[in-house]
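Here the structure comes first, spelled out in structure tokens, and everything after it is commentary.
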């Protein structure tokens, strides 16, 4: 008997109800690859601190709102203030006052790590003295002084310290250096080595003979100072008069309202990663200067420089047409009368590889925000991810590309001009390593020498907002670390002046 | 207090104690309710002062008939004073309901002594279905008992919530039953459990086991009871080794992230529904 119900109702099938483990198993994607690689590399660079950065990188980041000076500025400012945001300018002012007021206390507070070092030094010295006294009881009477007694004042230490730090040793190198044969375990060949060959440990894995660990790759970038280099403190920090930046205090994770249209037809404020404000601010653009943004997309940093209202001429350069279009789009949304007043006059675009720009000796200031592994992006977004397996060659050549761009930009500077090199990566290879490579390159090929500006005085002003890497850990620049209560960055920046 | 009291009693009834020692080399049982006991209990729980000795003795007898020692009786009564008010047959009903869960006499007494409030249960059907459900997740009666010993509030939790937590622990965290029953994880709200787990994962301190991994193989992960049976502060500082402000910020950020995600998926669903409708039209 054929019932209609039997035809209409699909019988439920029970076969294959339970899934096999391999179908349930999680497929690795690009973000996981990135995370794995970072765990390996940054874990060895930052040690215990890496896990805190890891958690921060994997969690939503914090924004800073830049008020558009071409819109309803005051209205926007009061709206942001009503939401509890704080003007960065006033925070800086406060920090400055505090520094002037209690400079002694301030130094103690911000340079706590040196205190620890000094304590450690003292402890070591004491221990050494004790040991010396134990071996040579007369040593004390002769006024013996332990050889490694350092007496540096604080000012010196901030400048001298970065040179001493050597982060370059890759894991295998370090192992090779530190390896010490345990004599007691060596077997004398004349006493029964009969079966020992059977226990020969494997030195290579079949099928992976050509394999090179990624951390191994980094040791090719050797840094040995073989070019003249001076490091000096930068002049006093001036916060641009007309720039209004708003942020929430550390620990406050509130959101900003999305930008809205103003009377003039432009958007009220621009939301950007907080750490991105530092490179253009550190560049200290002055009125009447000609400025190049060598890798401009997506345009946030360029816009910030325009918002200072200091610029005479800004050239935004990028490699791809699509990225340039993005900048154009942003500028159109934020600059009043973009087509009539800005485009081609005060603001111009150029599409070229920053390594091939040819107008040498013609810029006062350059912002070199190079392409990098974009640590936060690769951990959170699948698209355009540089940890895609097919892009490994591109990834390994990033430092080379960055050094090429930086070296060329140093040539583009007028003598005496300044550039800020910045990346959003934690990798010391892409940061200090690249600065070193580029400086070396321009010295050997074009006899250009440069001065590194020490920005630690400036970053001290921002310490209420950002968490910075200790200045000891870095050779040529400063870095904002991702930190959960102030989830900005990572952002490395180094200020370099071409010597005239 | 009670222990001290017992100690004194032991001296008084030394001959009794000797006899019991001969029978069983454990702590001697006290089976008589004395005025001293009542006074001590009232000292601990003053609300008990209103009951007459007859009521005390009646209740004591009820419990004694069901195998509970005087010490346990006193613990139960001080923990849940309203029991004295209750009619003996209702107390017996509650005990019978619990006995139906088949934990074994000894374990049941331990459970009831630890959480005297459990004697307020009077819906046999509800309790049996709960223990049935728990047994289906943790496989033995003993495990059910362990679960209840760690998180007695399970008897008032809706099954759906428990299901959610069990699924999360077993599927996402890949934790085996023996570890689950040793922790009070089911007492924790689901959001807190998930937040703690995700925090550990993002710190890189918690790696889910491989699907084919041997369950006996030791892991470097923190044990579940370390994760769930700790205060916020000791979880952040002792287990995760981060500062409290970092964990506070993370909680806030994660809550927002998950909310955004659920909102997005909801709007996606709506959009796809709209598409379907359009297709239909």
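Placed from the backbone N, Cα and C atoms, the Cβ positions cover glycine too.
These numbers come from a predicted model, not from an experiment.
These come from TrEMBL:
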type: ACT_SITE; residues: A:424; note: active site, nucleophile
type: BINDING; residues: A:295, A:296, A:297, A:298, A:299, A:300, A:301, A:318, A:353, A:369; note: S-adenosyl-L-methionine binding site
type: DOMAIN; residues: A:196-499; note: domain 'SAM-dependent MTase RsmB/NOP-type'
type: REGION; residues: A:136-162; note: region 'Disordered'
Could you give the Cα-Cα distance between residue A:299 (S-adenosyl-L-methionine binding site) and residue A:424 (active site, nucleophile), in whole Å?
-> 15
Residue A:299 (S-adenosyl-L-methionine binding site) -> DSSP, reduced to three states, gives coil
Pairwise Cα distance for residue A:353 (S-adenosyl-L-methionine binding site)/residue A:424 (active site, nucleophile) [Å, integer] | 20
Just report the maximum Cα pair distance in Å for the recorded S-adenosyl-L-methionine binders A:295, A:296, A:297, A:298, A:299, A:300, A:301, A:318, A:353, A:369, no decimals.
-> 20
Across every protein chain in view, the count of C-beta atoms other than its own within 10 A of the C-beta of residue A:299 (S-adenosyl-L-methionine binding site) is 24
Taking the Cβ of residue A:297 (S-adenosyl-L-methionine binding site) as reference, which residues of that chain separated by at least 6 in sequence fall under 8 Å from it?
-> A:318, A:320, A:323, A:324, A:326, A:327
Over all shown protein chains, what is the count of other CB atoms within 10 A of the CB belonging to residue A:301 (S-adenosyl-L-methionine binding site)?
-> 25
Cα-Cα separation of residue A:301 (S-adenosyl-L-methionine binding site) and residue A:424 (active site, nucleophile), in Å?
-> 13
